[in-house]
Amino acid sequence: MYPAHLLVLLAVCVSLLGASDIPPQPLNLVQFSSMIQCANHGRRPTSNYMDYGCYCGKGGSGTPVDELDRCCKIHDDCYGEAEKSQKCAPYWTWYTWKCGSDGPQCDDSKTGCQRFVCDCDATAAKCFAKAPYNKENYNIKTRCQ
C-alpha cells in the first residue's frame, strides 16, 4: 500500500470515529409530533410548540406563563418521572398508539416504559389542543429566568 493510501484510510477511520459521537435525533419526538397533530386536528403546526413559553421545547425554568406552558411543564415533569421511577429513556422510547375521534389513544397491551411515555405524550397533546395559543409567548426564553 502506498503512503498516500494509508493517509486516506486513516482520515476515513478518524472521521467515522468522530461521527459515532453524534447522537441521532430522538425517535419519540416524531411520534409526539404526530400525536399533537392528531389532538389539534392539524390546526397548529408542531413547530409552534418548540419554543413557546418557559417550558415548551428543550429544558425549562421559571414559572409557566399560561395554560399551554403549564401543559409543557407537566409533560417535562412526566418525562422526569418516567426516567426516575420507570427507569425509561422517554426521548428514545417507541410506543404504539392510534389517532381516535377523541384524540391520541395508547395501545392498551403495552406496559412499563412504553405505556408510561405514551400516556405522557397523549395527555400533553390533548392538553395542548385545549389550551389557547398566545403568539406573544413564542420565543420568550429571556423572561423565564
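Here the Cβ of each residue, glycine as well, is placed from N, Cα and C on the backbone.
Taken from Swiss-Prot, the feature active site covers HIS75, ASP121. Per Swiss-Prot, the feature Ca(2+) binding site maps to TYR55, GLY57, GLY59, ASP76; the stated evidence is similarity to another entry. The disulfide bond annotation in Swiss-Prot covers CYS38-CYS99, CYS54-CYS144, CYS56-CYS72, CYS71-CYS127, CYS78-CYS120, CYS88-CYS113, CYS106-CYS118. Sequence annotations record features per position, and here Swiss-Prot assigns signal peptide to 1-19.
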Same chain, |i - j| six or more, Cβ under 8 Å of CYS72 (disulfide bond); the result in sequence order is TYR49, TYR52, GLY53, TYR55, CYS56, GLY57, GLY60, PRO64, ALA124
Using CYS113 (disulfide bond) as the reference point, find which of the recorded positions GLY59, HIS75, ASP76, ASP121 has the shortest Cα-to-Cα distance to it.
ASP121
Quick one: which of these recorded positions, CYS38, CYS99, CYS106, CYS120, ASP121, CYS144, have their CA within 10 A of HIS75 (active site)?
CYS120, ASP121
In whole Å, note down how far the CA of CYS88 (disulfide bond) lies from the CA of CYS38 (disulfide bond).
24
About how far apart, in whole Å, are the alpha carbons (Cα) of CYS88 (disulfide bond) and CYS78 (disulfide bond)?
11
Three states by DSSP: which one describes ASP121 (active site)?
helix
Inside 8 A of the center formed by the CB atoms of TYR55, GLY57, GLY59, ASP76, which other residues of the chain have their CB, for the recorded Ca(2+) site?
CYS54, CYS56, LYS58, GLY60, CYS72, LYS73
